[in-house]
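First comes the structure, then the notes that go with it.
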Amino acid sequence: MIEADRLISADAIPEEEFLDRAMRPKLLNEYVGQPQVREQMEIFIQAARKRGDALDHLLIFGPPGLGKTTLANIVANEMGVNMRTTSGPVLEKAGDLAALLTNLEPHDVLFIDEIHRLSPVVEEVLYPAMEDYQLDIMIGEGPAARSIKLDLPPFTLIGATTRAGSLTSPLRDRFGIVQRLEFYNVADLQYIVGRSAQCLGLDLTPEGSLEVARRARGTPRIANRLLRRVRDFSEVKSEGAITGVVATQALDMLAVDTEGFDYMDRKLLLAIIDKFMGGPVGLDNLAAAIGEERETIEDVLEPFLIQQGFIQRTPRGRMATQHAYRHFGLTREDLG
């Protein structure tokens, strides 16, 4: 199973990029959720503008789909500068990074997505660029090779990652601002869904937006994807506004339940409950029971279920919690 194939995957899908970009907030006063991040960034940006400085380098981390790229764009807009965008895997050679850095204007933003995937060679070039706004370049080869230093304009590097722990300490320490994005609450997601509906020209009732929001796994990207699928359903199966009833029918048809679980989530939980009496069960046995690789369970299925309190990891294996039993209308006693 590929994570991107799931409707409730938080990973970006290229075909959605254009629509997602159109629905993104452009400024901090349009940014919903993450109140602590918003408050801090407002102060940091105002202070940098007041001094006439580039904003300190910024690291944004957190689960996928929470708006790291959106926040980077907002920072550039608020600072009134351009933003160049790239990603860690794309920067294969030091020259790739040098080409980007030497084309920056003063105070511009360089945004590197998946910054934890930078190669060591590229990362070494980044250190003096971040710290001293200087670029060390090797000219020539062999004994005739020499290093020259190029001065760079003051700029802001914004790095985004889902795996902050994978960053090397020297790189992490060079970020003056570090922000973690958290999962969104239902109220904030409902507002985001309502705003996206306006962008799409949809007649969405508060009950309809609530139904989409509560099944979106705390993630704006998933909320917007579900909204588009509900729109498809309403255009074919109903007329008029997207009400709570219409949204419920659409999401039930798509097999996304009230917790935001899909078929694979439920299959995993029911395997633990039905086949292994609620656990504990070892990962290899569980993988065999549902016909998936153990890596798929560990990296794709488990994290959200654990975070929501439906599965517990123990030294003896995985166990279903009371939340899992209640979700299916069961109790431990039902299993004998």
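Each Cβ is built from the backbone N, Cα and C atoms, and glycine gets one as well.
Computed from a predicted structure; not experimentally measured.
If you look up Swiss-Prot, you'll see 4-184 marked as region 'Large ATPase domain (RuvB-L)'. Summarising model confidence by region, the region 'Large ATPase domain (RuvB-L)' (4-184) averages a pLDDT of 92.
Taken from Swiss-Prot, the feature ATP binding site covers R24, G65, K68, T69, T70, E131, D132, Y133, R174, Y184, R221, and the record attributes it to sequence analysis. In sequence order, A10, A12, D20, P64, G65, L66 make up the list of same-chain residues 6 or more apart from R221 (ATP binding site) whose Cβ falls under 8 Å from its Cβ.
DSSP assigns T69 (Mg(2+) binding site) to a helix. Non-local neighbourhood of T69 (Mg(2+) binding site): T85, F111, D113, A160, each in the same chain, at least six residues away, with C-beta under 8 Å from its C-beta. Look at Swiss-Prot and you will find T69 tagged as Mg(2+) binding site, backed by sequence analysis.
Under the heading region 'Small ATPAse domain (RuvB-S)', Swiss-Prot lists 185-255, citing sequence analysis as support. Taken residue by residue, the region 'Small ATPAse domain (RuvB-S)' (185-255) breaks down under DSSP into 51 helix, 2 strand, 18 coil.
Among the features that Swiss-Prot reports, region 'Head domain (RuvB-H)' is placed at 258-336, with the record citing sequence analysis.
Taking a C-beta cut-off of under 8 Å and a sequence gap of six or more, R313 (DNA binding site) has these contacts in its own chain: E302, I306. Annotated DNA binding site per Swiss-Prot: R294, R313, R318, in sequence order.
Of the listed binding-site residues, namely R174, R294, R318, the sparsest CB environment within 10 A is found at R294.
A sphere of 10 angstroms centred on the C-beta of D132 (ATP binding site) encloses 12 other C-beta atoms.
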